[in-house]
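Trainee: Among the features that TrEMBL reports, region 'Disordered' is placed at 1-44. The feature compositional bias 'Basic and acidic residues' is assigned by TrEMBL to 13-23. According to TrEMBL, the transmembrane segment annotation covers 63-80, 122-141, 148-166, 186-210. Per TrEMBL, the feature active site maps to Asp176, Asp192.
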Amino acid sequence: MDTESPDKQPSSRRPERPERVDGIDAASSESVPTLSDERGDSKEAAFSEEEARQLKADRSRHTLVFGIVVLAWLALDTLTKNYFNGSYSMGEVITGPLLGLVRFHLVHNTGAAWGMFGDSTFLLGVMSLIVCVLLTVYLFFLAYRPNIVQVVGAALVVAGGLGNAFDRFALGYVVDFIEPVFIDFPVFNVADIGVTCGFVLFLVGVIVSWRHEDRLSAELAASDGEGEGTDAR
């Protein structure tokens, strides 16, 4: 009787199962999108859209505040300069000390504080305009999410810089009329007050913004750590 050769006999061995890697079948080791993944993606997309809307609203509000502060401070600076320069003579002391702090003393300044850069009024005017442009570009195009303190501070600096630059180009000098009497300090004007106070406010706003970003980064890192721990369980 003919018998089948061993090569032709049907194999009695069962098909081998896919190898398991770290307790997971190799066949199922590829990442397959799940409902939770899709929900997570939708949440991220919704958050991105909400963040974009918030950024747009913040920028519109900041632009409005910036414009109002610049125009208001520039108007105050112009009105006070026109009043003192039109009503009194250069070098005239208009009033005695007010509360022992300041007096009104009209001065035409062709340089910077303490007589520095005398007769360089045009160059100083150009430098003022450059600073105003750079600060505005930084605030609205480079800073990620400037706060309202930064906006107001930058607006005061820009208003003061523009006010003094206009004086230098139109008159050839800056109209100063506020003179401290309790310290040795140069005569100044409303524009100078805006530049000084605005610069301080802007720096405070930058520091606050940095601390806020650091706190958000720490919270995000903690949240990611908790999420990874939950996925591991």
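The backbone N, Cα and C atoms fix where each Cβ goes, glycine too.
Automatic, uncurated: that is what TrEMBL annotation is.
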Trainee: Against the transmembrane segment (63-80), which of these stretches has the most C-beta pairs under 8 Å: 122-141, 148-166, 186-210?
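Mentor: Stretch with maximum Cβ contacts: 148-166.
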Trainee: Please work out the number of neighbouring Cβ atoms within 10 Å of the Cβ of Asp192 (active site), leaving out its own Cβ.
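Mentor: The answer is 20.
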Trainee: Around the Cβ of Asp176 (active site), how many other Cβ atoms lie within 10 Å? Please give the count over every shown protein chain.
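Mentor: Taking all protein chains shown, Asp176 (active site) has 24 Cβ neighbours within 10 Å.
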Trainee: Which state, by DSSP, holds Asp176 (active site): helix, strand or coil?
Mentor: strand
